[in-house]
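Have a look at the structure below, then the notes.
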Amino acid sequence: MSTTETWISSLRYKGDHLLLLDQQQLPRHTVYINVTTIEQVWDCIKKLQVRGAPAIGIAAAFGIVLWAKANNSLPYDEFKSKLLQQKAYLAGSRPTAVNLFWALDRVTGSAEQARDTEEAVQLIEQEALFIQQEDEETCRKIGEYALTLLKNGDCLMTHCNAGGIATSRYGTALAPMYLAKEKGWDLSVYANETRPVFQGARLTAWELQQAGINVTLITDNMAAHTLKTKNIAAVIVGCDRVAANGDTANKIGTFGLALQAKALGIPFYVASPLSTIDLNTSTGDDIPIEERPAEEVTHFQGEPIAPEGVKVFNPAFDVTPHEYITAIITERGIASGNYKKQLANFFNS
Ligand SMILES: CSC[C@H]1O[C@H](OP(=O)(O)O)[C@H](O)[C@@H]1O
């Protein structure tokens, strides 16, 4: 999306409230929820009304801002104690995307230098705004690095939604597609619908179509056949947590896609901001995988599509071992091969 075009932001901060894009109502309705409390932010994260690792972190950061402003008359010691309680509360909304914890650490940590409650509130608000602004530049840089791996005319595949509405703008996996459009390239994209919540069908296909980018929707079980027959240049996906060794948690179905790409000799790229890389998580085995309500699988638009009472396993993510990842594209550069060393170097550069 060029700077002259308007884009649909996932979160707009209005000082005393947030306007959060309700991603559960897309693509039929573009609705912004008027959010005034930290409890509402928790609820929106839990219900995937705001989703996508960076967007979750940004929403949580502003959830802390809303709480801090509403409690700006507390004595400072009480404010600091309750701030940590609110941090723990929001941290309980979803377990896998590390951006949630990274953003909460940043906004609460920013207040540690404050001398009183008023200054703490100002620092928290300033840090939340920094996080949102930085994320936009981060995503653009990821897009620029990703384009060094692609060429005009390439056909790509992506899974779930790692687009502009999953971040502050541009997205991660979709960033190269937006920047390619700006450059006048003709990239085409196969978007996997991504059951059970259909982020690919409802969000990625919608985002790319809105941007005038050549997108084709497929069901998840069509991916292997499409990879084999449609001259796919690369698969590029987002992520929710990259471990220190490069093992990557992303939307359920990503691991299978990586296996298929490996078997067919197609590059498999993960687009990851440093905010989604967690050097404190050693390997993919250490990443908590969220399990979500059975109704996401057994129902569609409120109607049952499975027998009542059937057992359901509904992991929201899976982990792709780093051996199946051709490269991890960050805002500091592209890592490939020795991920443990290269990812650590990005944090030191
Ligand atoms: C740019 S992060 C996008 C990442 O988050 C999604 O998960 P969810 O929709 O459950 O928040 C998915 O794993 C995407 O790749």
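Just so you know, glycine gets a Cβ as well, placed from its N, Cα and C.
Pulled from TrEMBL:
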- Arg51, Gly52, Ala53, Arg94, Gln199, Asn250, Lys251: substrate binding site (BINDING)
- Cys160: site 'Transition state stabilizer' (SITE)
- Asp240: active site, proton donor (ACT_SITE)
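Mapped onto this structure are the features recorded in TrEMBL.
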residue	record	CB count, 10 Å
Arg51	substrate binding site	27
Gly52	substrate binding site	29
Ala53	substrate binding site	29
Arg94	substrate binding site	21
Cys160	site 'Transition state stabilizer'	30
Gln199	substrate binding site	28
Asp240	active site, proton donor	32
Asn250	substrate binding site	29
Lys251	substrate binding site	27
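In sequence order, Ile56, Ala97, Cys160, Asn161, Ala162, Ala166, Gly238, Asp240, Ala316, Phe317 are the residues of the same chain, not among Arg51, Gly52, Ala53, Arg94, Gln199, Asn250, Lys251, whose CB sits within 8 A of the CB centroid for the substrate site.
In this structure the C-alpha atoms belonging to Arg94 (substrate binding site) and Asp240 (active site, proton donor) are separated by 11 Å. Listed in sequence order, the binding-site residues among Arg94, Gln199, Lys251 whose CB lies under 6 angstroms from an atom of ligand 1 come out as Gln199, Lys251. For the recorded site, Asn250 (substrate binding site), the DSSP three-state label reads strand. DSSP assigns Arg94 (substrate binding site) to coil, not to a helix or a strand. In the three-state DSSP assignment, the secondary structure recorded for Gln199 (substrate binding site) is helix. Rounded to a whole number, the C-alpha distance linking Lys251 (substrate binding site) with Cys160 (site 'Transition state stabilizer') is 6 angstrom.
DSSP assigns Ala53 (substrate binding site) to a helix. Of all residue pairs in the substrate-binding list (Arg51, Gly52, Ala53, Arg94, Gln199, Asn250, Lys251), the one with the greatest Cα separation is 17 Å apart. In this structure, the C-alpha atom of Ala53 (substrate binding site) lies 12 angstrom from that of Cys160 (site 'Transition state stabilizer').
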